[in-house]
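S.K.: Quick paste from Swiss-Prot:
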type: TRANSMEM; residues: 19-39; note: transmembrane segment
type: TRANSMEM; residues: 56-76; note: transmembrane segment
type: TRANSMEM; residues: 90-110; note: transmembrane segment
type: TRANSMEM; residues: 113-133; note: transmembrane segment
type: TRANSMEM; residues: 144-164; note: transmembrane segment
type: TRANSMEM; residues: 171-191; note: transmembrane segment
type: TRANSMEM; residues: 222-242; note: transmembrane segment
type: TRANSMEM; residues: 254-274; note: transmembrane segment
type: TRANSMEM; residues: 288-308; note: transmembrane segment
type: TRANSMEM; residues: 317-337; note: transmembrane segment
type: TRANSMEM; residues: 376-396; note: transmembrane segment
Amino acid sequence: MSPSDVPINWKRNLTVTWLGCFLTGAAFSLVMPFLPLYVEQLGVTGHSALNMWSGLVFSITFLFSAIASPFWGGLADRKGRKIMLLRSALGMAIVMLLMGMAQNIWQFLILRALLGLLGGFIPNANALIATQVPRNKSGWALGTLSTGGVSGALLGPLAGGLLADHYGLRPVFFITASVLFICFLLTFFFIRENFQPVSKKEMLHVREVVASLKNPRLVLSLFVTTLIIQVATGSIAPILTLYVRELAGNVSNIAFISGMIASVPGVAALLSAPRLGKLGDRIGPEKILIVALIISVLLLIPMSFVQTPWQLALLRFLLGAADGALLPAVQTLLVYNSTNQIAGRIFSYNQSFRDIGNVTGPLMGAAISASYGFRAVFCVTAGVVLFNAIYSWNSLQRRRLATE
């Protein structure tokens, strides 16, 4: 029996890719709590300059990831997803190591851009699992996989803050590089993939990729949905701590309260994503998507009227439970509407839209709060999500009518 005939243990691959996504999510978020402090340590002084450079080094990673994702997705469809996971984990480990050695802000900015160019572990993990798991378990598997990155992103800032306090800022980058190298080793030794490389001549061009989709218009609407989900999430991030301070008044533990309120949606998503993914496998991911979007609107609006931090925390927990269903539902619908031959590119295009949302969301939130106040951010975000719910419902209805 040739290696390509050996059956794949997709459950083991799911477990290993979950660990990989967890480590990647943790590695990315380990450095987030002190990013402005490291920028300052590299010689940037003055309030406005520090704000500008902190924003640049944060956003440039997502911008370059959005540009590079389609290229890596195409390469994954030609060479296989496992090799892309290995490339991403090792590339990010090397870049993180170099970040700890940066001597000035320009070196650090270039390395942050390289991090975006070489990233892509999580979308490739999604593509790998999507092409191996039975279709009737796609929602559960992708929902479960999504909790890996969320778990890492939740624990990362806490661990990063503690490590920075004990060892200083630069050593955290070296620790992060070690975490990513462990991710590389796990992928190398434990993930299995049967993949027949495709020559460049045999690869479908973009126009052929679109033509091969069961419903190109629906797939585009799913990309837009991913973008809007990230815009909605990111729009609240810049103002959350300031809004909590406005609600709490003069309290000594504002950082702890803000951190807790920032993390509760992730905890709720951890609990809800696999369960709602499994429910989506039974009743259809399109129903889960629309209901979760409507619930998100109904939870965002009262956030602009809360009077205490604990009211905000409760609403954000419920919002996290609904949000935990959104991206897995989108990914499951992408699986249903594409073939394994183009899965790498479809998931990479989706990642590009997600990265664009990661950049534009905080910009939108900051602009609205500067002009109209913190509470207006939640109302505008609710309006954006409502538009997305209507747009998604119309796209799904058109698909249903087309198949009847």
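Using the three backbone atoms N, Cα and C, a Cβ is placed for every residue, glycine included.
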S.K.: Which of 56-76, 144-164, 222-242, 288-308, 317-337 shares the most C-beta pairs under 8 angstroms with the transmembrane segment (171-191)?
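M.R.: By Cβ pairs under 8 Å, 144-164 leads among 56-76, 144-164, 222-242, 288-308, 317-337.
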S.K.: Run the contact check on the transmembrane segment (376-396) against the transmembrane segment (288-308): 3 or more C-beta pairs under 8 Å, excluding pairs closer than 6 in sequence.
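M.R.: Contact confirmed: at least 3 Cβ pairs fall under 8 Å.
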S.K.: Would you say the transmembrane segment (113-133) and the transmembrane segment (19-39) are in contact under the rule of three or more C-beta pairs closer than 8 Å, pairs 6 or more apart in sequence?
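M.R.: They do touch: at least three Cβ pairs between the two stretches lie under 8 Å.
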S.K.: Under 8 angstroms for C-beta pairs, at least 3 of them, ignoring pairs fewer than 6 apart in sequence. Is the transmembrane segment (222-242) in contact with the transmembrane segment (254-274) by that rule?
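M.R.: Between the transmembrane segment (222-242) and the transmembrane segment (254-274), contact is present.
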S.K.: Counting only residues 6+ away from its ends, which parts of the chain sit with a Cβ under 8 Å from the transmembrane segment (254-274)?
M.R.: 140, 143-144, 146-147, 150-151, 153-154, 157-158, 237, 240-241, 244-245, 248, 309, 312-313, 316-325, 328
